């Protein structure tokens with residue numbers, strides 16, 4: 001850095017610290033204590049943000065991971081299970097990332113409260129899975145939810161209904177960081193309140209925040225005191241992320257001096273996953289490479305299915321003692337993701353975020369496990385929702401598995417147009433969910449509705465042009481068909 005740049009950086013940092021102190025002065029005492037911890041984390045991130053310019057990786061130093069650093073799941077499964085898997089389960093806690101809202105699917109409140117199957121929400125399915133595990137193996141695996149200030153209140157109201165389930169549920173809150181004005185690099189918040197003019201002033205800083213907020217909440221120490229050694233972390237909207245006993249046993253059976261402190265589940269990339277983060281070997285460590293870190297000239301190379309064959313499912317197994325050690329030493333150097341946003345009034349802001357998987361480089365004996373695609377079943381859109389609601393999957397104790405009646409294990413490619421984006425609209429367009437057991441590809445665009453007991457097979461494309469409407473009649477069987485034009489079915 002030149003002397004001028006260094007002075008400028010110091011100025012930015014001093015101004016930021018001053019503004020944060022002013023904000024803390026507007027909070028009540030208990031709130032200020034929590035926020036001060038949050039701001040400590042934010043200051044560290046802001047400090048690093050000011051020092052780092054340009055991409056955080058040098059493209060020429062990137063290598064493919066060594067063969068033994070990513071194990072095939074079959075190899076781990078082949079080891080079998082010990083007679084007493086309960087002992088291993090009792091050293092595990094399940095953490096679900098529950099900070100997101102359902103806004104992208106047109107729903108208010110936490111995403112985890114959207115119904116996905118037979119009136120069951122993401123949260124219901126998670127509780128059922130863990131309760132089933134605890135009952136089957138007479139174990140006590142707790143569920144931990146990482147909420148954000150956006151989801152905490154609504155989630156806690158709902159948790160009452162699981163009181164009589166055989167699952168201990170804990171929650172803790174992700175940090176609350178201030179959005180910063182892109183030009184001035186100062187917070188846009190006027191006070192610590194969340195509502196009114198301040199509604200857009202705050203953000204939860206990505207799931208990489210789990211390390212600091214879990215530690216700050218006291219829950220990390222509490223779980224270690226209860227004899228827990230590992231957590232299994234995943235996104236609450238990934239319905240494939242169930243506790244895998246074989247991976248758990250693999251972790252528990254390592255010799256003490258070679259204990260694997262971090263496992264990232266990866267799976268083979270398809271054309272649909274080109275933006276997913278991948279594992280690379282960089283400066284003698286396994287490292288997560290996200291698309292945001294890739295220099296523009298190499299984005300196409302990053303997306304290629306041939307060079308980077310796998311991507312991160314965000315199903316992670318992490319050692320609790322290692323997490324505590326790294327957090328206390330402040331030695332988790334997570335790459336910063338700079339996320340630019342434009343607010344409703346047109347103001348340009350940036351939010352500084354980190355990803356939970358980026359910490360893989362800091363843990364000892366970290367490895368990837370290449371798992372079957374079935375462990376990655378995220379519901380991000382109504383197209384995903386159609387798949388998980390259909391007869392392609394059968395549900396057992398909260399877990400979804402591909403139906404035995406489907407002859408090939410691949411998931412159909414479904415693209416529903418903008419008329420289906422919001423869950424309410426999506427549900428209104430289906431009298432019931434079509435039979436999709438033999439479907440390969442479905443594209444629907446425009447004003448389309450489906451009658452009862454429709455069956456879709458092969459490749460089906462339905463396009464209603466602007467101003468037209470297509471009602472697929474009850475009982476229709478479409479196999480390798482393109483439907484276009486106008487078809488109205490009205491009650492007589």
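Cβ coordinates are placed from backbone N, Cα and C, and glycine is handled just like the others.
For reference, TrEMBL has these:
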BINDING   111, 174, 206, 237, 380  UTP binding site
BINDING   207  substrate binding site
Pairwise CA distances across 111, 174, 206, 237, 380 (listed as binding UTP) top out, in Å, at 21
Cα of residue 174 (UTP binding site) to Cα of the residue listed as 'substrate binding site', in Å and rounded, measures 8
Between the C-alpha atoms of residue 380 (UTP binding site) and the residue listed as 'substrate binding site', the distance in angstrom, to the nearest integer, is 16
Sequence-ordered list of residues in the chain of the residue listed as 'substrate binding site' that lie 6 or more positions away and have a Cβ within less than 8 Å of its Cβ, or none, is 97, 99, 146, 174, 235, 314, 355, 356
In this structure, the one of the binding-site residues 111, 380 whose CB has the fewest other CB atoms within 10 Å is 380
Neighbouring CB atoms within 10 angstroms of the CB of residue 206 (UTP binding site), all protein chains considered, total 23
All chains considered, the count of other Cβ atoms within 10 Å of the Cβ of residue 174 (UTP binding site) is 27
Ordered by sequence, the long-range same-chain Cβ contacts of residue 237 (UTP binding site) under 8 Å (at least 6 apart) are 100, 111, 112, 122, 378, 379, 380
